[in-house]
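The structure under discussion appears below in the form of structure tokens.
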Amino acid sequence: MLLLLCSGLAGQTLFQSPEEGWQLYTSAQAPDGKCICTAVIPAQSTCSRDGRSRELRQLMEKVQNVSQSMEVLELRTYRDLQYVRGMETLMRSLDARLRAADGSLSAKSFQELKDRMTELLPLSSVLDQYKADTRTIVRLREEVRNLSGSLAAIQEEMGAYGYEDLQQRVMALEARLHACAQKLGCGKLTGVSNPITVRAMGSRFGSWMTDTMAPSADSRVWYMDGYYKGRRVLEFRTLGDFIKGQNFIQHLLPQPWAGTGHVVYNGSLFYNKYQSNVVVKYHFRSRSVLVQRSLPGAGYNNTFPYSWGGFSDMDFMVDESGLWAVYTTNQNAGNIVVSRLDPHTLEVMRSWDTGYPKRSAGEAFMICGVLYVTNSHLAGAKVYFAYFTNTSSYEYTDVPFHNQYSHISMLDYNPRERALYTWNNGHQVLYNVTLFHVISTSGDP
């Protein structure tokens with residue numbers, strides 16, 4: 001029996017069979033709600049008698065990965081395009097109301113409609129950009145198709161003619177795809193999906209995560225049970241292995257951790273050392289601490305935790321722009337402080353006082369330089385507050401957040417997969433997020 005888990009993690013390897021040579025990927029969620037999965041089965045008769053054939057196989061795999069990413073981009077663009085078209089219809093409706101109203105509306109009602117129209121006007125340029133992106137993706141898909149055909153012909157002949165030229169085309173295509181993904185990947189949070197339970201494992205409190213900087217082929221999962229004095233970190237080879245509870249290695253940290261706000265970033269674990277305000281950077285490959293540093297004035301040992309307690313004074317996060325620390329100090333009167341950290345030295349590069357009391361927050365996460373805060377860790381929670389570091393401003397939000405198991409003790413965003421990882425009362429749960437992004441056109445400032 002083959003078990004499929006569709007979690008909406010773009011290009012994520014879920015299961016792998018070394019004996020049969022197949023891999024199962026998730027792709028994305030289609031606009032009609034269906035989950036699209038892709039099984040990749042490499043040819044069993046591929047010749048490997050020399051180094052050139054291995055290079056060709058690797059190039060074929062690269063094209064396959066680009067194709068999968070293209071599918072994800074196409075689905076996301078289609079979804080966003082439908083959303084913006086709906087907003088365009090609303091804008092036209094408001095415009096018609098304004099034209100038909102003439103002098104029949106009160107001055108106040110007329111001004112309100114006019115202000116609403118002004119807010120919606122930028123959507124026209126956004127719609128044009130989405131249409132252009134859609135055409136770009138169609139062209140890129142055609143390039144991938146042509147390139148795949150050329151590579152297949154070369155592999156069949158086992159020759160090397162045109163190999164360097166094809167390699168350059170693949171690199172250029174990857175660069176264009178990366179630029180397109182970066183443009184589509186960031187934006188303002190407008191929705192959180194229903195929860196997807198990956199596994200029920202461990203105690204009531206803990207954390208689990210993947211490396212936000214790892215290539216798509218690296219799907220290792222790290223698992224840390226408990227919220228204080230723990231030292232044992234389990235590293236699973238793939239998400240599929242984590243689901244099955246097999247194929248893992250154990251790391252024993254030199255210093256115990258506090259809380260559940262850990263994060264894995266570029267091969268290292270960042271965590272709060274127990275009974276201190278010290279940040280520890282532990283490198284998995286060398287099994288050693290690369291650097292540790294105190295966060296100036298940061299509270300610890302349940303001085304300023306989230307509403308659920310659990311020594312959650314310090315919370316580390318990663319988004320599209322890098323490494324962050326969320327904590328508070330006596331000087332900030334218990335309000336949440338957001339600090340951008342240098343991942344190499346752990347020095348604070350810049351800090352923001354959000355004005356939001358940390359003890360009133362259920363949990364928090366960063367997306368695109370914006371701190372989002374939930375108003376509770378219990379059932380009925382919602383994303384209630386957003387702080388924008390680029391403008392040093394905030395707003396209150398109302399994004400529903402289904403807390404299925406009634407007690408969240410860890411919540412983190414993974415920018416590589418555009419998903420939220422949560423630990424909910426002993427369950428490891430995923431949420432997909434919907435981001436709305438306004439793309440500046442070439443004529444904009």
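Note that Cβ sites are derived from N, Cα and C of the backbone, with glycine treated the same way.
Note: TrEMBL annotation is automatic and uncurated.
Quantities reported herein were computed from a predicted structural model and do not represent experimental measurements.
Of the listed residues CYS6, CYS368, CYS368 is the one TrEMBL pairs with CYS186, by disulfide bond.
Per-residue confidence over the coiled coil (137-183) averages out at a pLDDT of 63. Same-chain residues at least 6 positions away in sequence with a Cβ under 8 Å from that of CYS368 (disulfide bond) are, in sequence order, CYS186, GLY187, LYS188, ASP319, GLU320, SER321, LEU435.
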